[in-house]
There are 2 protein chains.
Amino acid sequence: MEQKIGVSTLPRFEAEDSVVSASVAAFKRLCEKENFDLAEIECVVLCTQNPDEGGLPHNSALVHAELGLSEDCACFDIGLGCSGYVYGLSVIQSFMAANGMKKGLFFTCDPYSRILNPEDKNTCLLFGDAASVTLVSDTPRYILSSAKFSTKGAGSEALKKNDNLLEMNGRAVFNFALQDVPKQIKKVLESAELTVDHIDLFLLHQGSRFMLENTIKRAGIPTERAPIKLSETGNTISSSIPLLLEKEIDNLPGVILMSGFGVGLSWATAIYKCVK
Amino acid sequence: MEQKIGVSTLPRFEAEDSVVSASVAAFKRLCEKENFDLAEIECVVLCTQNPDEGGLPHNSALVHAELGLSEDCACFDIGLGCSGYVYGLSVIQSFMAANGMKKGLFFTCDPYSRILNPEDKNTCLLFGDAASVTLVSDTPRYILSSAKFSTKGAGSEALKKNDNLLEMNGRAVFNFALQDVPKQIKKVLESAELTVDHIDLFLLHQGSRFMLENTIKRAGIPTERAPIKLSETGNTISSSIPLLLEKEIDNLPGVILMSGFGVGLSWATAIYKCVK
């Protein structure tokens, strides 16, 4: 099982952890790396489908309170799963640009431990709890070059909450990843007039080792440029791509392709280019 | 009580109703008024804090399935309360524009009946269930002129879910509306270089008659241009402004100011101008 899923340890929320506390912890780590003035933050977006307080109020407002941000700050939550980082980055960037905002924070935190059925080995051995935060700025290091966002609502049964417990049809999710994700990657490359060879780093949602290996192969991606690193985190939903990005960003990739896919069914692929 | 709240009848979801079914019903009414091809819809955003299926999958994907939309369609949910329409319109418009999408649907549906405490008269007599859908197009009838989005997370205790039941501090919400909303309206008017006299229609979140009358007065808005129409719907959260807009749009207002405020605490004001 470990071989196929690719997970050896799974981080799990303790009783005192929450979406808000994990988001604040992620923010503290960001502050160790980046210099910015808290008073400059004009937008906070948080992506989750397992919020604190049943999502009312939106958890971005609770993070806003914890961080002591300015009142002149837009806050809203986004409900998306494993495609959430790719969607959310574009949502916050376009909203901020349209409204003249300069600095914002995009959080992801989706603690699946809250909905895991302890009798379902397939999901209990797969999902890990995590949070991430990304600083979004009007003077970015990377800019969006091309993206595509897709939905197959008719397939949503494959991954859903039922009586507050997660139900997953692993086979259906696997087939979806293998069939639809490579197709979308190809389309986004074409629309950007690029090929696989132009991409320095492929950040694919870390669903499971087996799913990743097959999707990477089917998409014709060189394995050395598509890291698989979920052994210590598991599948962390919308946090998987930013956790990977944090590990890889120091290598200064020039062109990054991200692809997230899962709950919905929903999938999104985007190419980001380093600003010279 | 009726006098102060301003509500005589409250629509409530029956057992068979849901966010998805109400959204689909709203969509059918839209189709009676607007001509568009379903295959053209490239984006669906749904605003709620009381989703079906615990929000996993996102309800926009479920609506996507019911409507039989194309796979080339971005879907995501937004978690916001009474400020949701003003925020959400800007979110979907900017996301669509940034990604070259031409037609999208913005749904609101937040059935508070799911979380009302039957012993709490203040909330039970106030909130109604409703849904709305707005067609968002790259050839719009109205365009955003100026907007402001604010958050006071430190005040979120005033309106929250606790053990899946709504708790509201009516006095705190009233004070917030009375103090902060007129200030924001003034700022948005200033940034658009307009005065109250330039606005043909003020669409304020229909929180309660008492709150509205006082907020309108404090903001110096002529009462005849700020309709109060909640007697047959109650406070329908993020659907209150679009329900009002539907009633008023046939009068062809040239300049509309919308202001939503509530859960978060969150408030947003936007000015939309008719495209000549």
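Each Cβ is built from the backbone N, Cα and C atoms, and glycine gets one as well.
It should be emphasised that the depicted structure is a prediction, and the values quoted were computed from it without experimental measurement.
What TrEMBL lists as domain 'Beta-ketoacyl-[acyl-carrier-protein] synthase III N-terminal' is B:76-152. The average pLDDT computed for the domain 'Beta-ketoacyl-[acyl-carrier-protein] synthase III N-terminal' (B:76-152) is 96.
Residues annotated as domain 'Beta-ketoacyl-[acyl-carrier-protein] synthase III C-terminal' in TrEMBL: B:189-273.
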Residues of the domain 'Beta-ketoacyl-[acyl-carrier-protein] synthase III N-terminal' (B:76-152) by DSSP state, where helix covers H, G and I: 22 helix, 29 strand, 26 coil
Secondary structure tally of the domain 'Beta-ketoacyl-[acyl-carrier-protein] synthase III C-terminal' (B:189-273) (DSSP, helix then strand then coil): 34 helix, 21 strand, 30 coil
